[in-house]
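Okay, structure first, notes after.
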Amino acid sequence: ADTYAATRYPVILVHGLAGTDKFANVVDYWYGIQSDLQSHGAKVYVANLSGFQSDDGPNGRGEQLLAYVKQVLAATGATKVNLIGHSQGGLTSRYVAAVAPQLVASVTTIGTPHRGSEFADFVQDVLKTDPTGLSSTVIAAFVNVFGTLVSSSHNTDQDALAALRTLTTAQTATYNRNFPSAGLGAPGSCQTGAATETVGGSQHLLYSWGGTAIQPTSTVLGVTGATDTSTGTLDVANVTDPSTLALLATGAVMINRASGQNDGLVSRCSSLFGQVISTSYHWNHLDEINQLLGVRGANAEDPVAVIRTHVNRLKLQGV
């Protein structure tokens, strides 16, 4: 053990859509990440929020995270926290930074759809094509039950349709107006914003990174192909990790909705926030948190090492 990742303030890892701290109380969402950081001296807490819910509103993930932040501060005696959010967890972290700025030292977002996800738009469009409207009700009921089952605390505060709406490009534009951040560039610019923000007299350090394993290939008859640059020929990840091929398929849908390069669910442009560490990691959306179970393509970087290096970066910044 050493003090490489021993930050001044505790670190809170904030999960995304469909997440929990431990799936069914067995498998860590942030696979192998909490224990790695702890072995390098970090105080790390893992939030457990609704897997399917919006970020704002009284039942939202934002208020759940705010309550958890206050618990961590009470338990540790610290005055602030460093928030690290994956996927929707980055939007949730921004909520807390906006409404309780004095409790936050930094916000880091990993594969976060700050501008929404073209795949969420696609799913919403597909559900709209059902004239009965039953499919969205049935799917939502199923997903809500799934969310409760996999949640380590069997959290019943699940609303799949609210979660889907939250992640659309239209709804995130509204969210960004309601919870603005200096870390965001101008809408539609595919640029990031400032590396720091001051909210109510409190300074926040802002960082992001994301995977762009899914890249567009040639266009034939108006349909653009997609390739997964994280995997090699006959890559074991295609066999042992079912999410690998699934996220190539969703990434292809995104590319054909003009997302550009992406991680299967979030485009490079959508992930940009604060100081961008990199957008060239050969990761899909789950590789970013070392899932499934640590399996990744032959070309993929080690996400555990990237997060460890970043927590050391926070330490060197004095937070």
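Residue numbering: from 1, along the chain as shown.
The backbone N, Cα and C atoms fix where each Cβ goes, glycine too.
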Of D235, D241, D263, residue recorded by Swiss-Prot at the Ca(2+) site of D287, Q291, V295: D241
Averaged pLDDT, computed only over the residues in the domain 'AB hydrolase-1' (10-288): 95
Listed recorded positions among L17, Q88, D241, H285, D287, Q291 whose Cα sits within 10 Å of D263 (active site, charge relay system): H285, D287
Of S87, Q88, D241, C269, Q291, i.e. the recorded positions, those within 10 Å of H285 (active site, charge relay system) when Cα atoms are compared: S87, Q291
Neighbourhood of V295 (Ca(2+) binding site), C-beta criterion under 8 angstroms, separation at least six: V236, A237, T240, D241, T244
D263 (active site, charge relay system) - helix vs strand vs coil (DSSP): coil
Among L17, C190, the most crowded of the recorded positions [Cβ within 10 Å]: L17
